[in-house]
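Residues or ranges marked as domain 'Ig-like' in TrEMBL: 20-107, 118-208, 222-310, 315-402, 408-495, 499-586. Look at TrEMBL and you will find 593-688, 690-787, 792-889, 893-989 tagged as domain 'Fibronectin type-III'. Per TrEMBL, the feature region 'Disordered' maps to 675-699, 1036-1140. Among the features that TrEMBL reports, compositional bias 'Polar residues' is placed at 675-685, 1126-1140. Annotation comment: TrEMBL describes 1006-1027 as transmembrane segment. Feature annotation from TrEMBL assigns compositional bias 'Basic and acidic residues' to 1036-1056, 1114-1124.
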Amino acid sequence: FVCMCLNYPSICVSPVPQPPTITLQSPKDYIFDPRENIVIHCDAKGKPHPSFSWTRNGTHFDVEKDSKVLMKPGSGTLVIDISGEKAEAYEGVYQCTAHNEHGTALSNNIVIRQSRSPLWSKERNEAIMVQRGVSLVLQCRPPAGLPPPVIFWMDNIFQRLPLNERVSQALNGDLYFSNVLPEDTRSDYICYARFPHTQTIQQKQPISVTVLDSNPVGDRKPGFMAPLGATSTNMVLRGETLELECIAEGLPTPEISWSKESGELPSNRMSLKNFQKTLEIRDVTEADAGDYRCVAKNSLGSVHHIIKVTVKAAPFWISAPRNLILAPNETGILTCRVSGDPKPKISWLVNGVPIENAPQDPSRKVEDDTVILSNVQTGSSAVYQCNASNEFGYLMANAFVSVLAEPPRVLTPSDHVYQVITNHPALLDCASFGSPIPTITWFKDVKTSIQNGDPYVIHENGTLEIHVAQKLNSGKYTCIATNTLGIRENHVYLEVKEPTRILKQPEYKVVQRNMNAMFECKVKHDPSLIPTMTWLKDNGELPDDERFVVDTDSLTIKDVTEKDEGTYTCIMNTTLDQDSASAMLTVVEEPDPPSDLELTDQRDRSVQLTWIPGDEHNSPTEKFLIQYEDLLHEPGVWHNLTEVEGTSTTAQLNLSPYVYYAFRVLALNHVGYSQPSQPSRQYRTNPAAPDENPSDVKGVGSEHNNLVISWMPLKGFQSNGPGLHYKIEWRQKDVDQDWSSESVANVTQFVVSGTPTFVPYEIKVQAVNDYGSGPEPEVVTGYSGEDQPLTAPENVQVMVHNSTIAEVHWEPVPTSSVRGKLLGYNVGLLSDTLSVDSCEQVLTFSGNRSEGRLPGLQPYSLYNLCVKVFNSKGEGPPSTSKNFETPEGVPGPPSFLNIVNPNMDSLTLEWGPPLKNNGRLTGYTLKYQPVNTTSELGPMKVMTFPANETSVILIELKSNTLYKFYLSANTIKGSGPNITDESFTVMDTSDVAVASRQVDIATQGWFIGLMCAIALLILVLLIVCFIKRNKGGKYPVKEKEDAHQDPEIQPMKEDDGTFGEYSDTEDHKPLKGSRTPSNGTVRRDESDDSLVDYGEGGDGQFNEDGSFIGQYSGKKEKDTHEGNESSEAPSPVNAMNSFV
């Protein structure tokens, strides 16, 4: 049995007879190194395995008789040991023969030759002396070697001689000078020949060249040194490399160009070498034949040369003969089609014997390049050789004809599972063998016959192809192989999988150095396939660095550096497919500092600065900042001078006199500023008179009899020269007098003494140095010192508008008495209130005013005021005091309102007087009204009380009813704001009803009887529970209301715990909650849900606007609870009702 390789593991078939086939042989031309063994390869296959034999120079070579020759076991390869032997004895033409009972195969004729590196012939080179400008050729003429040597020129210290457009080496190794120069003079022009196989180098005798300058040759037009004449020819074989060469002489040195007369040069196979002197065309075809023009040109003219190229061809295959396996009585054809120039001659051999000398076979017919085999029979197997040759070479091919009678065999493994991706081609193999060749048919799921056509294709080798596989193509497939000798079938399976797709691709990142970069790569794949995520950087593996963190669907690079830049690719692989996506990472950082600062175009007041920008680090430079250091006045301090665009590398700088400048440049990109460049060399400007005077000149007196003149001094480089000082000039304004002057240095102010109080002065300050004065200074007006005002405002009058606002008027004081800049008037108020303690306040009115409004006064008060003028030195004397009264106003709200002692038909109200009466209190007004269960307001009742009463007992009220109360205090001006509160009266125990919106169980007789029966038994327990309930925690109103879902009852405000306003006016709708009486109350059923359920205490209050200020969930006041505890104990019935 023989195991055949079919890309399936362990598929073995029974042996099939096969004639020999050559599988390995040495090249036709074999040059060996005499220092190594000769190895001539020859391997073949066949069934049975072939035997081998050799011929040398056309005669049998008996390997066994030569002890130096060894044939490898199971192979025809020869190993010849030539150590100690003459290698020349084994040179010759060798041919290998592989033979078995079914035929004989031949190898190529292998020419064995020994490599040679002969010595240079002895010769004496004459010294060469030439005039400057002439052309020169130094001949190499190396010895012929096998293979030919590589030529190069060196000097006697083994340094290669420099080659250029003027001096070049030709293809034959000669050294050409288009024109010689004095520097060409040397005595060691040496040609070297390196022989590749033996790795030896031979050296020619040195050539001496001397270039004379006594009679130099002048300029001349070009002329060709090689090739000579107007035309030349060149023959090249198809598939080889064509080398054309043109070397010209002339002065100046000519330039060489190439063109083809009737066509274009093949740019994809062409290259110019040796400074354009050599045109090389690779893989020559017949189309490369033609005339090639080389042109040599210099400033004096041009010359051209035509090279006629012909292309010949050694034999090459058009269609080589192929092996045939035929069944008995079949017909086969062997074709041997070749081409070449000249046309090759074709000859046929059978089993290594010329076909004309082979045994006659009536089934065989030869027609030039074709052998026709008709009605072959078993036993007529053979190996045919086709030999095609012309003067440039030969081709030989073996093709066997094997006559077999074999039933079909399916070689594809049974039940093999194929997996493909949706929308990809699916190839289901049905490899078979048989003679005659089996016919293949396919079925899907056993029943459905598959025919050629969309979407199926059945290939010649039996493979079934589905062009675009879909899920519906999955299933079981059966292939059947049939010939005249039998039938075989095989089953395979196809599974079509979902493709792998990258849903979120990594995105381009621009990241600052030392920051983190993260690439996301989210993938979808078939759940039955196991995915593998791989990340690449620039198509290579990620660096072995812990900064690179690979997660399930992301890659994070920590603390990125410049080396991390590149293209990152995520690849998701499964066993069937892959998907990939890439994104670039760009690392940016501050630019490198500029360098090479230079100063040019130097003038007194300007200079030009140039620099070379540093590396931008992937972020374009936005601008350059130029700074300077004043080495004379402020050494070590750098100042910003100017900015220029990021595309500039030069700046024109305006300078000041008398400065020792040094400059530096900083570059700014999106990330930030670079480090400063190295400073430029020092640049000094010449001194000059000041260009400007001090700024911010002022004149202000610090005392009533002086004038302080101050200014902002010039900075160091503004001085423009040494000896900087200031000329101070002043005179009183609007007075006919000369300027007074004084010169000072190194100060910023000057004091003029003995001045009148607060009079204007004209002031000038001028900069002066040793080289002159600055420009004429501007005149500034200042004032001498101030003093306190002398007089008080007169004729002060007060107009009272109402109880809180008055208006004061006065006559302004004379300007001369102010003795400074008038800042305003102060009004002092002293109140002697009739109802509150006295207080004092000061109102300021800025500017030169004569009146002012006095807001925020207290009603029913007596005020005393005076007016004073003031300046920066203080206030003047006060005016005559003025008294005035404010009229009465409405009072404030009562200080408190408490509702105590609630009963079934009465409530007790207690209140306190207002904190601010704002007049004489005349009494109180009380308004109250009931609020029914639907939050509607009942009729309003009004009661009045004298000022000395602060409590009342309201009687004849309805039981178990919520009342809302409004209480205000009165003066003769009217009522003040209300204080409000609300409270329930106690339920009448003779008519208790518990209702429910869902089921009114209180009206059921059995329920009433049951409750009465158990009341007596658990009375003590209920009393205890009731007491604990009254002392218990808070019950949120909102939860109770949410539970009862009463649309008319709204929740408390979330921010302060109080109840919100009524939706309509507050006086005509009930509040949204109330306090609960201090003694126990009857709890309403869930249907009516009275607010009494939520309260505990009776201390709630109402704000002035009527809103309730207590908290239903608040804890009851201790004193109220204790006070009521003895007067009205909890009723068992009430407790009972509360419990229910």
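Yeah, the Cβs are placed from backbone N, Cα and C, and that goes for glycine too.
Just so you know, TrEMBL annotations never went through curation; they're auto-generated.
Remember, predicted model here, so these are calculated numbers, not experimental data.
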I'd like the per-state residue tally for the domain 'Ig-like' (408-495) from DSSP, helix first, then strand, then coil. 3 helix, 51 strand, 34 coil
Across the domain 'Ig-like' (222-310), DSSP yields 3 helix, 55 strand, 31 coil
On the DSSP side of things, how many residues of the domain 'Fibronectin type-III' (893-989) fall into helix, strand and coil, could you say? 1 helix, 52 strand, 44 coil
Do you know the DSSP helix, strand and coil residue counts for the domain 'Ig-like' (315-402)? 0 helix, 52 strand, 36 coil
Restricting to the domain 'Ig-like' (499-586), report the mean pLDDT as a whole number. 94
How does the domain 'Fibronectin type-III' (690-787) divide up by DSSP, counting helix, then strand, then coil residues? 4 helix, 47 strand, 47 coil
